[in-house]
Amino acid sequence: MLNQKGTSSDASTVKVKPEYNELSYLVTRQCLHQEEFNQLSQYDRVKPTPAESLINSVREFRCFQTFLGFIPILQWLPKYSLKRDLMGDITAGVTTAVMHIPQGMAYGLLAGVPANVGLYMAFFHCLTYAVFGTSRHISVGTFAVVSLMTAKVVATYSTVVPAVINGTDALLPPADPTEPIYTPIQVATAVSFVAGCFHIVMSLIRLGTLSALLSEPLVSGFTTAAAIHVLVSQLKDLLGVSIPRYKGAFKNIFSMRDIIEQVPNSNLSAVYTSTIVILFMIFMNEYMKPWASKKCKFPIPAELLVVVGGTAASYFIGLGPNFGVTLVGVIPVGLPAPEMPPLALIKLVAVDTIALTIVSYSIVMSMGLIFAQKENYEVRANQELIAMGATNIFGSFFSCIPTACSLSRSLIQHQAGGKTQITGVVSSMLILVVLLWVGPYFETLPRCVLASIIFVALKGMLWQVKHIKKFHLEGTLELFVWLVTFLSVVIIDIDIGLLVGVLFSLVALYIKGWKTYYSLLGTVPETAIYVDIGSHHRAEEVPHVKIFKYSGPINFASKATFKRALTKEVGIDQSLVHRASRYDAAGEGAGLQLIKTVIIDLSSVAHIDTAACKTFSEIKKEMAAVGVATLIANPSDNVYDTLLHAESIGEGGFHIFPTIHDAVLYAQGAVSAV
């Protein structure tokens with residue numbers, strides 16, 4: 001019989017007996033073993049064989065539905081509402097296209113390829129993602145971190161040396177004529193192709209949740225450190241100096257050394273231009289944009305104003321030929337001809353592309369989920385892998401680098417009223433106009449202007465250093481992961497630092513999983529509710545019964561920890577029982593309670609293995625040797641199945657109960673029967 005009553009008490013009083021209200025209920029049933037309860041509930045633990053699972057999958061396969069799922073535009077486009085969605089998509093598309101122009105050119109240069117590559121991405125990537133993607137609000141294309149990771153691979157495998165001739169970039173062949181010549185754009189497209197293939201493979205083997213390995217401290221530390229890399233890479237353009245490019249570990253340190261040495265040789269015209277642009281952008285971002293956002297829905301295109309103004313000023317003043325300021329250079333008219341990346345390069349860049357693949361997908365997926373939660377729609381993880389794979393592979397044939405999504409463009413696209421992927425189509429059409437007719441007008445744009453735009457855009461990423469305080473409050477492990485990731489990326493290199501961060505994040509996850517909680521349970525009077533006697537001061541232990549609760553998996557690695565914890569909490573050993581027997585015989589042990597039963601509560605144990613079952617058998621035998629019965633209570637279905645499997649191989653013979661109270665009633669009945 002279980003008698004439970006609802007309670008209400010004043011939270012401000014402690015250790016005061018609560019007053020019971022009239023809400024009470026009475027449950028009466030027989031004491032059940034787990035096997036009896038499973039028969040009553042008709043529990044079926046039979047699982048289908050692999051062959052049966054395959055047959056069921058084939059039987060449930062629907063070709064047309066699968067095809068529609070593979071190309072999501074076929075699902076949502078027929079339901080598209082011109083009245084409800086079109087104006088918002090057009091407004092957001094125009095707004096996003098305006099941002100694509102300066103960001104695409106800036107991040108194209110950041111990746112070590114010509115500026116027009118960023119515009120190609122704004123056209124090809126947006127169109128492809130609109131067909132295959134499931135997020136309605138992210139703006140795919142260039143992103144600072146991915147561009148920087150691409151630049152690292154480009155610097156490693158491209159065999160041309162950049163040189164400045166008459167203020168524009170030119171390419172000189174390597175000193176060794178036998179060395180194969182790979183241009184930066186060939187390396188970048190090879191990286192894009194390989195990244196796309198990796199995304200497709202990840203989708204086929206259902207690795208859509210792989211981005212979950214990148215914890216918040218890891219992502220924050222990595223992106224903050226990557227912002228430092230971006231900043232260092234742009235300093236030479238801000239100052240108008242030329243320094244060698246370095247490959248491999250510690251290149252940030254070497255680059256900073258050279259930049260400091262070159263500061264006296266800075267081009268003052270580039271420095272003045274950079275300073276003016278940076279101050280203008282800060283004023284626009286901090287004061288004008290917030291003010292204008294309250295007045296109209298269309299944001300001020302500050303970046304585009306800077307690009308247009310910088311191009312016009314450079315053209316009329318002659319910053320390139322007259323003052324030696326490095327310019328963007330030739331921007332071809334039209335779209336690039338399709339070209340397959342060199343097969344030899346695909347093999348070379350495969351390993352270096354792994355980290356970039358995971359980072360780009362994590363950025364896209366995290367941003368997609370943010371907007372999906374706000375607007376209440378679904379973003380499918382594996383379909384996003386297919387979308388990124390198709391986007392990268394298709395783009396690699398048209399001089400595009402790997403794609404991601406921009407945080408700033410995505411936020412603007414959402415705020416401007418974008419409703420569907422049609423926003424990307426509208427944006428790409430406007431970019432096409434720029435590529436076909438407007439592009440050459442930006443050839444006189446100083447590179448220091450684009451570097452200044454990137455410099456100001458890094459504020460949000462650099463400001464993530466304030467997260468240190470938050471992670472410190474969350475726990476030492478979170479702070480440690482952030483610091484290790486940040487320092488590894490800044491000091492060593494991006495890909496190596498990311499690998500170090502992932503490893504430390506997994507170690508932190510393992511340590512958290514290794515931590516266990518255990519306690520002895522007692523019952524609160526008149527409730528039959530079992531709680532930790534260390535935390536609930538009115539809880540009382542059941543006479544002659546020790547109830548031990550363990551939280552965490554019990555397996556070959558943690559079985560010793562579990563057994564030590566149980567022995568410590570229960571406190572049963574041979575000498576204790578002998579002493580208790582002598583005290584009772586002499587009439588001296590009135591205060592010493594002799595334990596008859598130990599109940600192991602497995603309600604918070606998610607997984608056990610055969611080694612754990614063997615440990616249970618050892619505990620049962622050791623307890624039986626001193627006259628103590630061992631019972632198991634409240635296992636989950638999968639834990640119960642493991643216990644049954646252990647019995648089939650000769651381990652066990654356990655007394656298992658569906659609840660703690662069933663085990664307590666059984667123990668009390670056994671004691672009274674003695």
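For all residues, glycine too, the Cβ spot is worked out from N, Cα and C.
For 535-667, the entry in TrEMBL reads domain 'STAS'.
Outside the transmembrane segment (105-131), and at least 6 residues removed from its termini, the chain residues within Cβ reach (under 8 Å) are 71-73, 97, 139-144, 147-148, 150-151, 154-155, 158, 169, 184-185, 188, 230, 233-234, 307, 328-329, 331-332, 335-336, 387-388, 390-391, 394-395, 398-401, 403, 421-422, 424-425, 427-428, 431-432, 434-435, 439, 442, 445, 447, 450-451, 453-454. TrEMBL lists 105-131 (among others) with the feature transmembrane segment.
Annotation comment: TrEMBL describes 143-165 (among others) as transmembrane segment.
For 185-205 (among others), the entry in TrEMBL reads transmembrane segment.
Annotated transmembrane segment per TrEMBL: 212-232 (among others), in sequence order.
The transmembrane segment annotation in TrEMBL covers 266-284 (among others).
Within the chain, the transmembrane segment (304-331) has long-range Cβ neighbours (under 8 A, six or more residues past its boundaries) at 98-99, 101-102, 105, 109, 114-116, 164, 166-169, 237, 240, 267, 269-270, 273, 277, 280-281, 284, 439-450, 452-453. The transmembrane segment annotation in TrEMBL covers 304-331 (among others).
Taken from TrEMBL, the feature transmembrane segment applies to 343-364 (among others).
Feature annotation from TrEMBL assigns transmembrane segment to 385-404 (among others).
Sequence annotations record features per position, and here TrEMBL assigns transmembrane segment to 424-442 (among others).
Here TrEMBL flags 449-468 (among others) as transmembrane segment.
If you look at the transmembrane segment (480-511), the same-chain residues 6 or more away from its ends with a CB under 8 A from one of its CBs are 148-149, 152, 213-215, 217-218, 220-222, 224-226, 228-229, 248-253, 352, 355-356, 359, 467-468, 471. The annotation transmembrane segment is assigned in TrEMBL to 480-511 (among others).
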### Summary
If one takes Cβ-Cβ under 8 Å and requires six or more residues beyond its ends, the residues near the transmembrane segment (266-284) are 237-241, 300, 302-303, 305-306, 310, 319, 323-326, 446, 448-449, 451-453, 455-456
### Segment-segment contact (the transmembrane segment (185-205); the transmembrane segment (449-468)) at 3 or more Cβ pairs under 8 Å
no
### Message
Which sequence-distant residues neighbour the transmembrane segment (385-404)? Criterion: at least 6 residues beyond either end, Cβ under 8 Å.
### Response
70, 108, 111, 113, 117, 120-121, 124-125, 128-129, 131-134, 140-143, 145-147, 150, 185, 188-193, 195-200, 202-203, 207-208, 335-336, 338-341, 353, 356-357, 359-361, 363-364
### Intrachain neighbours beyond the transmembrane segment (343-364), with Cβ under 8 angstroms and 6 or more residues off its ends
135, 138, 140, 143, 145-146, 149-150, 152-153, 156-157, 180, 182, 186-187, 190-191, 193-195, 198-199, 202, 210-211, 213-214, 219, 222, 384-385, 388, 402-405, 494-495, 498-499
### Contact set, same chain, for the transmembrane segment (424-442): CB under 8 Å, 6 or more residues outside the stretch
89-90, 92-94, 96-97, 100-101, 104-105, 115-116, 119-120, 122-124, 126-127, 129-130, 139-140, 307, 311, 328, 331-335
### Message
Let me spell it out: take the transmembrane segment (449-468), skip the flanking residues so only those 6+ beyond its ends count, and list any with a Cβ under 8 Å from a Cβ in it.
### Response
102-103, 105-107, 109-110, 115, 144, 217, 220, 223-224, 226-228, 230-231, 234, 237-238, 273-274, 277-278, 281-282, 285, 303, 306-307, 310, 328, 407-408, 479, 482-483
